[in-house]
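Some notes on the structure that comes next.
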Amino acid sequence: MNSLPPEIVVVGGSAGSVSVIIQLLEQLPQDFPFALVLVIHRQKSVPSEMDKVLGFSSNIEVIEPNDKDFVRANRIYLAPQNYHLLIEQDRTFSLDYSEAIYYSRPAIDPAFESAADVYGSRAMGILLSGANQDGSQGLAYLVQQGGRAIVQEPQSCEFPAMPLAGLQVVPQAEVAKPAELINRLFSL
Amino acid sequence: MNDGIDILPHEIDEIIQVIREQYGYDFIDYSRASFTRRVKHCMQRAGLKTMYELRYHLINEASFFAWFLQTLTVNVTEMFRDPVFYRQLRETVIPRLASYPIIKIWHAGCATGEEVYSMAILLKEAGLLDRTRIYATDINPANLEKARKGIIPLNAMKEYTANYTRSGGTEDFSSYYEAHPDHVVIRPELLQKVVFSQHNLVTDQMFNEFQLICCRNVLIYFNKNLQNRVLRLLYDSLVPLGYLALGMKESLLFMDIQAEFESINESSKIFRRKH
């Protein structure tokens, strides 16, 4: 296991994940030392105010980054609707309008992968409830690059398919119930 | 996307160099994270496992390169993509364009043309299509060939119709196309004023002056250096007080040229050249 705290935490979730994320944000202290990136499957082209919904649960504003915005610690970022979210070596966001993955854009796999490419062992990936297999390949890659993987305990999920797929590919991932996630973020 | 294909940074540089030397396309200033992803995507589609194989095919087969280019560039688009943007265009920009005797519009990076069709519909509804010239350009010749034909798969139409309505459209959307069993064809009269032609924003120069340039979700594939260069080209291609439309998450915030533009609509990313 890594001995240094994460610089970036990427949380991927689909069906059944929003309530877990809200719980996490409500418990998040004001001075957390990493960039928190939320990648949530959302219905395409339907106007979404997810940033406001999530921001309401947090003391900190939830930002939908523009292309080439800097990734900063102590910020909460939400992958914008209809774009995949990637991170460049100079620690800026790149957005990408390419094909949906598992019918989703944003998809979780590319976000995990590019966070792993940039942050290596200082990246953490968290995979939450969902009804498909997005995220598991990316989580495997993140672990391969030295990062840390946490998967929501399948029994605690409204839709366990996504965490189960994650655990199948990354059996060594830590398993956590929603209430435990906050402590995992700060435990080494 | 992973599937065992790992690419090292210097390998990507080598591929970029091969393409530049042999085919004249320059991807050096493309945003590296998405470019690398696209290369992996191509390798997966082609069943290639190593960069060595990729290099071999690129060097030895021009037809492979043609396929590679087509697959590499992102060709995803839709009609009335981001209806809020089209509503702004309808309400704010199009009425201003009406004051010009001839209206010239450039769709830079038009992909398969769906946004060009949408623009033609807006202009027709405003009674301006007859005195408009639309230049629709893309780096990818296969895209342009598709765009000229005006063919859209039938299964996309439900969403496009909803987009159209949300953009403020009140006509019968089906009057703009001819329906076939599995696809529709945009009515040719809508495309009479459109010229589709190849243009590479990275290497080609300005070729006209426009009152409106739409370059939506193209700059996201470039790094800041290239974004700056292309934005200069777009600026130079606009008449004073001409409009520039970017994608919903594209910003001029870090760009050299930012001060030369004013924001017309912050959320829809519509800007206007100041002088």
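Glycine too: its Cβ is placed from the backbone N, Cα and C atoms.
According to TrEMBL, the feature domain 'CheB-type methylesterase' maps to A:3-188.
Annotation comment: TrEMBL describes A:S14 (among others) as active site. The secondary structure of A:S14 (active site), as reduced to three states from DSSP, is coil rather than helix or strand. Sequence-distant contacts of A:S14 (active site), defined by Cβ-Cβ distance under 8 angstroms and a gap of at least six in the same chain, are A:I40, A:H41, A:S104, A:I108, A:L128, A:S129, A:G130, A:A131, A:N132, A:D134, A:F159, A:M162.
Positions annotated as active site by TrEMBL: A:H41 (among others). DSSP classifies A:H41 (active site) as coil under the three-state reduction.
The active site annotation in TrEMBL covers A:D134 (among others). Take the CB of A:D134 (active site) and look out to 10 A: across all protein chains shown you find 30 other CB atoms. According to DSSP, A:D134 (active site) is assigned to coil rather than to any helix or strand.
Every protein chain considered, the tally of other Cβ atoms within 10 Å of the Cβ of A:H41 (active site) stands at 26.
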